[in-house]
Amino acid sequence: MDSQFFGLLVFYLAILLILAPFLGRYIRRAMEDEHYAATAWGRWLERLMYRLSGVNPAAEMTWRQYAVAVLIFSVLGFIAVYALQRLQGFLPLNPVGLGAVSPDSAFNTAISFVSNTNWQGYSPESTMSYLTQMLALTVQNFLSAAVGMSVLFALIRGFARHGCATVGNFWVDATRATLYVLLPLALALALALVSQGVIQNTAAYQEVTTLQAQSYEQARLDSTGQPMMDAAGKPLTETLVIQTQTLAMGPTASQEAIKLLGINGGGFFNANSAHPYENPTGLSNLLEMLAILIIPAALCFTFGEMVGDRRQGVAILAAMTLLFVGLAWLTQNAEQALTPALSHLSADGLLGNMEGKESRFGVAASALFAVVTTAASCGAVNTMHDSLSAMGGLGPMLLMQLGEVVFGGVGSGLYGMLAFALLGVFIAGLMIGRTPEYLGKKIEAFDMKMVSIAILVTPFLVLAGTALAVSVPQGLAGMLNPGAHGFSEVLYALSSAANNNGSAFAGLSSNTPFYNSLLGLAMWFGRFLVIVAILALAGSLAGKRRLAQSPGSMPTTGPLFIVLLIGTVLLVGALTYVPALALGPVAEHLQARP
């Protein structure tokens, strides 16, 4: 780890861990305290929304009712996003005159944004109108994040309550998460990004004259559109000179802010946060990285406060941070060094592997952003992940395959890590012959079934989907690179979709009916099967009586528990993928060696 990256990592984590406790305390009170002074400004609006929608905020739900509400809400969101894409050619705020999105791409995109994945198989600036970007995609960036946070609060209430049949009210949780947490933070971040040069307008695309003309050769075509040949049978060409460029415009900052805070990741432009209109400066890059992890880190403190012991949240956060630092080190070391092939040629490796990276960020900031965005289930990128070295790409891929629990998504990261915590405690209890318990709740057979479903759904989707994609002609047709790297592209795509990340190895041609359907189904089931299992677990825990702490109870706040949790995540989460990783990035790395 070089000194520049080490300094950047320490500075970044210091700011993150200083801010997280304050935000965590605010989130708890904003979500649970109806008399919190800091949210008094929006209470009238909250009550109005309940009245207009016919919601009784005092009526709580069982876990089944909560799950049904989540699914209905998400299905309605899917329908709305799909319809807006298909009808955008007839709707306003479409200065470029973009037509309807194809049915398979609209299907994939609607699931992608509703599931908090934001996988983009299309180029946004040439596919989506301003209205679709604002009313469909940006709105779902808020709502999908609110769903994840709501499910987490239902699970935390399961730990905090005892002898109770309910886990909260989804409509209240989603409303408060959006109104009091996501909207204020997004407004503040959007203004900060605008100050750094991120654009925010609804102007038509601009055609500008470039400083230097570009020329290229193009085949001459006859009246039928076929290439013209000379007497020797060679194609005739003509030289074209271009000195203009079309610059895409749009309301970028407002979508950029919530894409990061909501850990959605879908860019307003195809280059995502590598685009200077989305991420123009070093300061904007730092703000974007902080925005990605601030809510997941803060929710660890929220969890500790709600269960009555802040040390519980700190222990979870410590495990996340240690895993994060380890994989950041792996990625940075791989990117700072040249690839094995270039090293063999004695190329100058002073700058590291700069392929696919923006010179304004360099290797250190690009590698850290890659780890941040895949530690969270964000998917925003400031470098092209397909250009990472074999070992450099292994780090981000592994972070997703761990189940997006190293910080993870808004709410989803912590409830995924809590599932691993229950599994670790259960295994430890079996090893010492004691009934496993966590936070005073006895862990029984039903609980472990739900934990197993939550943990194993995504590996099944990733491995089965990858096997299908590399076994059928439609899947193989999308692989633009042969061998191990082509396999890595498919494995990365399924890992990203099933774990609701959204980033990609862009060498895979995924905007096809086959991949749009396959990845869409992986995103849907990877999101909502896990949510239903977590809510069932929450209902089971809420109904249990709290056991008194005894000398034989396993402490869940110290170094032993942190090591146990990290070991469980690595053994259960990572070992599942060892054969697939051996065929992909590991094989690619070994093949590149002279």
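Note: Cβ is positioned from N, Cα and C throughout, glycine not excepted.
Annotation source Swiss-Prot lists transmembrane segment at 4-24, 65-85, 136-156, 179-199, 287-307, 314-334, 361-381, 390-410, 413-433, 450-470, 518-538, 560-580.
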So if I exclude everything within five residues of the ends of the transmembrane segment (65-85), which remaining residues of that chain have a CB under 8 angstroms from its CBs? That is, six or more out. 91, 100-101, 105-107, 109-111, 113-115, 128, 131-132, 135-137, 140, 143-144, 147, 150-151, 154, 167-171, 174, 528, 531-532, 535-536, 538
I'd like to know if the transmembrane segment (390-410) touches the transmembrane segment (560-580) in this structure, counting it as a touch only when three or more C-beta pairs sit under 8 Å and are separated by 6 or more positions. yes
At least three Cβ pairs under 8 Å linking the transmembrane segment (390-410) and the transmembrane segment (518-538), pairs spaced 6 or more in sequence? no
Out of 136-156, 314-334, 361-381, 413-433, 518-538, which stretch touches the transmembrane segment (450-470) the most, going by CB pairs under 8 Å? 518-538
Cβ contacts under 8 Å made by the transmembrane segment (314-334) with residues that lie 6+ beyond its boundaries: 1-2, 5, 9, 13, 17, 20, 296-297, 300-301, 303-304, 353, 363-364, 367-368, 370-371, 375, 388-392, 394-396, 398-399, 402, 405-407, 413-414, 417-418, 421, 556-558, 561-562, 565-566, 569-570
Non-local residues, at least 6 beyond the ends, that sit with Cβ under 8 Å of the transmembrane segment (518-538): 63-64, 66-67, 70-71, 74, 107-108, 111-112, 115-117, 119, 121, 147, 151, 154-155, 157-158, 167, 412, 415-416, 419, 422, 446-447, 450-451, 453-454, 457-458, 461-462, 465, 468-469, 475, 493-494, 497-500, 510
For the transmembrane segment (361-381), what are the same-chain contacts with Cβ under 8 Å, counting residues 6+ beyond its ends? 2, 4-5, 8-9, 12, 116-119, 259-260, 263-267, 272-274, 282, 285, 288-289, 292-293, 296, 320, 323-324, 327-328, 331-332, 335-336, 351-354, 388, 392, 395-397, 399-400, 404, 406-409, 412-413, 496, 499-504
